[in-house]
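As structure tokens, the structure follows; a few thoughts come after it.
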Amino acid sequence: MSTVSTAKYPLSVKLFHSLIALLMIATLVIGWQLEDNEDLMGLHKSLGVTVFVLAVLRVVNRIRTKDSVPGSVNAVGSMQYLAEKTVHGLLYVVMLGVPFMGWLTSNAFGYPASFFGLFNLPTLIGKNIDLAEQLGGLHGLGADAFVVLLALHVLGAIVHLIVSKDNVFKRMM
Ligand code: HEM
Ligand code: HEM
């Protein structure tokens, strides 16, 4: 069962959502090119660091605005509700976890997590190439998980837009 309400997400939540979506997808697409073009590494890291910083601020803002965020359009306890909460929760995990693993991977390869050469995130672990390769593998798996979650998420949004015809799309966009 779907309920239609006129409630919208606060502007700050919408801005974080759009900005992070754009930047994280761009970072992902650049990540796919890294093997053929190592020159893109600086840009990949800088955009990824931006995603990480914005994701931390987003979580803080989400907690700050929790009372003004509209409730789910799905009935509490339904399969759709469970799917929605699981995918949203896991999207938060990859939003923070994937760039964090990238940060650790860079450190283990012996490089800082740099933001356009302007500043570096603190170096958390020392150089260790074996570890770097393992962390890099996990970072790549995390990026694959992000692709799967994003596909489910966008599919869910499209179903709400076309099939359920509720206001889920409008209230976030
Ligand atoms: C690019 C296409 C995308 C579309 C069309 C889209 C659409 C939406 C819509 C319509 C909602 C509102 C759901 C509701 O009110 O129940 C939403 C929420 C959400 N989206 Fe997206 N989204 C996209 C990309 C992303 C990406 C890339 C991420 C993660 C990096 C993401 C993470 C989230 C999260 C975590 C929520 C829940 C918000 C909250 O309650 O805190 N979305 N999305
Ligand atoms: C926003 C989130 C990010 C996404 C979606 C992402 C995605 C990817 C992808 C798809 C790859 C290629 C993996 C492969 O070929 O197996 C990659 C590689 C890499 N990324 Fe990211 N990345 C993100 C953030 C970061 C950040 C913040 C850093 C470091 C500051 C970083 C550092 C690296 C490094 C060093 C590699 C090469 C790993 C290796 O050679 O094993 N990434 N990333």
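First residue shown is number 1, and so on along the chain.
The backbone N, Cα and C atoms fix where each Cβ goes, glycine too.
According to TrEMBL, the domain 'Cytochrome b561 bacterial/Ni-hydrogenase' annotation covers 9-172. Taken together, the residues in the domain 'Cytochrome b561 bacterial/Ni-hydrogenase' (9-172) have a mean pLDDT of 96 on the 0 to 100 scale.
Taken from TrEMBL, the feature transmembrane segment covers 12-34 (among others).
Residues annotated as transmembrane segment in TrEMBL: 40-60 (among others).
The annotation transmembrane segment is assigned in TrEMBL to 89-111 (among others). Distant neighbours of the transmembrane segment (89-111): 20, 24, 27, 45, 48-49, 51-52, 55-56, 58-59, 121, 123-129, 131-132, 135-136, 138-139, 142-143, 145-146, 149-150, 153; these residues of the same chain sit at least 6 beyond its ends, with a Cβ under 8 Å from one of its Cβ atoms.
Residues 2, 24-25, 28, 73, 83-84, 87-88, 90-91, 94, 98, 169 of the same chain lie 6 or more positions beyond the ends of the transmembrane segment (145-163) yet place their CB under 8 Å from a CB of it. The transmembrane segment feature in TrEMBL is assigned to 145-163 (among others).
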